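Pulled from Swiss-Prot, these are the features on record:
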type	residues	note
BINDING	17-22, 33-39, 63-64, 138-141, 168-170	GTP binding site
COMPBIAS	191-205	compositional bias 'Polar residues'
COMPBIAS	219-230	compositional bias 'Basic and acidic residues'
LIPID	C238	S-farnesyl cysteine
MOD_RES	C238	cysteine methyl ester
REGION	190-241	region 'Disordered'
MOTIF	36-44	motif 'Effector region'
Amino acid sequence: MTGRLQLHKLVVLGDGGVGKTALTIQLCLQHFVETYDPTIEDSYRKQVVIDNQACMLEVLDTAGQEEYTALRDQWIRDGEGFVLVYSISSRSSFSRIKRFHHQIQRVKESCASSPSYPGSPIATVTTQAPVPIMLVGNKSDRVTEREVSTQEGHALARELGCEFVEASAKNCINVEKAFYDVVRILRRQRQQASRPSLPGNSRTKTGGMGKSESFYQSDGKRGSRKDGEKHRSKPIKCVIL
């Protein structure tokens, strides 16, 4: 591949001890960390290929402890996509997910209302798009210690409007999916943001004599219309005084 790789900045958030570092190191270094060593801030980079397209992931592993709440705002400002982690064997970590999600929304809304700084992800992803978030129920290997059901995880993800997966950093189950699906959302948002748009429904013509015309509807779906077919739109009037 020639040229510079697309960089995606992902931030891993969640309570202390839920396996944020274990997931990150399993993704980037392909091994499982057995011991728990509280993290303040660690950054990892890895070149990956997602859907036959190479890119660079920058993954920020963050502290889950309450005393680092002030630092978390800056981590969120710098992030493009987020991996929200709880442990299926910890009801309290699951209960705190909404607090992390609220903080993400608050910080991103604040960023959207202020000028973006150089290099800010705000400049590359439309601020009107939802923040890409993956909810991860980690430690799915701890079957006998489960305190949070899979159904509860799905229900919370629907409530928060984000994706959901259960994973095991120890057994390397759904680790790549947890991160790669966030990248896929970011790519879709960038593609949609780069499409030329007009007031109302966005349309791109491929027509000409004897050809069809394609367009994008307001819900993002692609449609088509053959020559001679009418569409409901008001004629454009130009008055020269």
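Glycine residues also receive a Cβ, built from the backbone N, Cα and C atoms like all the rest.
Taking the binding-site residues T39, N138 in turn, the residue surrounded by the fewest other Cβ atoms inside 10 Å of its Cβ turns out to be T39. N138 (GTP binding site) falls within a strand when secondary structure is assigned with DSSP. According to DSSP, the motif 'Effector region' (36-44) comprises 0 helix, 4 strand, 5 coil. A helical conformation is recorded for K20 (GTP binding site) in the three-state DSSP classification. For the motif 'Effector region' (36-44), the predicted model reports an average pLDDT of 78.
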